[in-house]
Each structure stands twice: as C-alpha cells, then as structure tokens.
C-alpha cells in the first residue's frame with residue numbers, strides 16, 4: 001500500500017499523545033482528579049466549540065442530509081442485527097452482552113476528529129460533524145435500550161430523551177448546522193474564539209483517552225475481547241463502507257463515515273455501564289484492547305479508503 005506511509009505519519013503523533021496521557025496517569029501526574037475534570041472541560045466546552053465552529057463555517061448543503069441519515073441508520077441497525085446473530089458465539093451473560101454491544105458500536109469522537117483533520121483537513125469537518133450528529137443519538141438510544149433490557153438498568157423514555165437533549169455534542173452539532181443552513185453564520189470574533197477553544201480539544205482529548213486506559217485488565221475474557229474488537233474495528237467500517245456506496249455518498253462523506261465507524265469504542269461506554277448495571281470491567285478491557293489494536297487497523301482501513 002503505497003499511501004500507507006503518509007497515513008502512518010499523520011497517525012503517529014496522535015497515538016503518541018494517547019501514550020503520553022497513559023504514562024502521565026500512571027505516574028499520577030498532575031494528581032488528584034485532574035484527568036476526570038479535564039475530560040469534563042473537553043466534553044462540555046472545548047469539543048462543542050470545535051463542532052460549532054466547524055459546522056457553522058463549512059460548506060453544507062441540505063441535500064446531503066437524506067443520504068447521510070440513511071447510511072448512518074443502516075450502519076447501526078446492521079451492526080445490531082449482526083451482534084444478535086452472533087450472540088451464541090459470544091458466551092456472555094446479559095450485562096456482558098450490553099458491554100459487547102457498546103464495544104461494537106460506540107466510537108471515540110476525540111480520536112476520530114483528530115485523525116480526520118490530520119488526514120483530510122478542514123473540508124472534512126462538515127461531513128464528520130454530520131455523521132456525529134446522526135450517530136451519537138442512535139448509539140446512545142441503542143446502548144440505553146440494551147442496558148435496560150439485558151442489565152436491568154432503570155430508566156424511562158423521558159429520562160432518555162432528556163439525556164439526549166442535554167448531550168453537549170448533539171447540541172453543538174445542531175447549533176452549528178442551524179447557523180450554517182439559516183445563513184446566520186458566525187462573526188469574525190466569535191469564530192476566532194471558537195477556533196482557539198476548539199484547537200485545544202484534540203490534543204487534550206487524546207491525552208484523556210490515554211489516561212483512561214487500564215492495561216492490567218486486557219487479559220481477562222480474551223475470547224470476548226477479540227470478538228468485540230473484530231466486530232468494531234473490522235466489521236463496522238466494512239458495513240459503513242457498503243452503506244455509503246448504497247446511498248451514493250460522496251468521497252469526503254464516505255471517508256468521514258468509514259473513519260468514525262473504524263474507531264475504537266469510547267470511555268463513555270464505561271460510565272454508562274457503571275450507571276446502568278452493565279459489566280463495566282469488561283468495557284474497560286474492551287476499550288483498552290481496541291485502542292491498542294486501532295493503531296494497526298486504522299492505517300489499513302484508511303489506506304484502503306484512499307485507494308478506492
């Protein structure tokens with residue numbers, strides 16, 4: 001693959017930041033609850049700023065939406081169906097099944113945006129943000145339903161709706177899209193402010209990913225971990241690629257969808273599992289193995305995308 005070199009060169013500093021975060025956390029630096037507080041700052045302030053600025057100033061056409069909606073929805077539905085078809089092979093209980101589900105469909109948003117910007121630049125922000133705006137609600141609804149049914153997680157439709165309505169990433173995507181499609185846009189000063197805040201989200205977000213890894217747990221439930229990793233890092237990008245072709249997405253839209261589908265699962269899966277009775281220890285193991293494995297699988301997937 002002749003184009004693998006530039007892809008590896010773009011990915012190397014991103015994974016180096018993940019390793020740096022893991023090392024600093026291992027050394028207990030800076031100490032206390034620094035990493036959890038930093039993650040909240042990124043989640044509620046810095047990353048939404050990046051999404052609003054990217055979507056509000058991007059070249060977005062309303063005609064893009066139907067195909068993107070169809071492709072993202074089909075991807076999640078197909079992955080859910082595949083999981084249930086393979087359930088007899090997974091050998092997990094109800095809470096374990098919810099963890100496998102989250103490991104098979106969730107994605108690390110920080111890593112995805114960092115890779116997208118490193119490889120494709122600002123033009124990819126619009127389709128990437130659209131994919132996020134569509135996938136985040138789908139994945140959250142699916143995860144909560146799975147936890148409610150198979151882990152006894154207590155929730156109701158109202159609580160789920162309120163949670164989605166307060167999700168800062170969803171709100172940021174909707175705000176940016178509204179500013180863009182209505183023609184309101186951003187004035188120069190506000191755009192500059194959001195750009196500065198958003199530029200801090202990517203490196204700090206990657207370091208918090210590393211700080212959240214738990215290497216000592218990877219060897220537990222090795223079979224389930226490998227199965228979940230194959231589902232997430234191999235099957236989901238393949239399904240997304242097929243869906244993109246089926247609904248005739250353009251090159252940047254296809255790259256954005258497949259890239260996000262090929263990402264390892266997100267730390268939010270661990271938090272949700274703890275809150276709703278899932279197997280949070282299994283989620284921690286899945287998160288760690290997938291993040292490490294993605295250093296190998298992502299360059300391959302992205303290289304295939306470049307050659308298509």
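Glycine is treated like the rest: Cβ placed from N, Cα and C.
Listed features, source TrEMBL:
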TRANSMEM  6-29  transmembrane segment
TRANSMEM  41-62  transmembrane segment
TRANSMEM  68-86  transmembrane segment
TRANSMEM  98-120  transmembrane segment
TRANSMEM  126-152  transmembrane segment
TRANSMEM  164-184  transmembrane segment
TRANSMEM  190-213  transmembrane segment
TRANSMEM  225-249  transmembrane segment
TRANSMEM  282-305  transmembrane segment
- Item | Ranked first among 41-62, 98-120, 225-249 for CB pairs under 8 angstroms with the transmembrane segment (68-86) | 225-249
- Message: Need a quick answer: max count of Cβ pairs under 8 Å to the transmembrane segment (164-184), which of 6-29, 41-62, 98-120, 126-152, 225-249 is it?
- Response: 41-62
- Item | Criterion met for the transmembrane segment (225-249) and the transmembrane segment (282-305) (at least three Cβ pairs under 8 Å) | yes
- For the transmembrane segment (6-29), the distant same-chain contacts (Cβ-Cβ under 8 Å, at least six residues beyond its ends) come to 35, 111, 114-115, 118-119, 203, 206-213, 215, 291, 295, 298-299, 302-303, 306
- Which residues of the same chain, at least 6 past either end of the transmembrane segment (41-62), have a Cβ under 8 Å from a Cβ in it? 109-110, 113, 122-123, 125-126, 128-130, 132, 168-169, 171-173, 175-177, 179-181, 185-186, 191, 193-195, 197-202, 204-205, 208
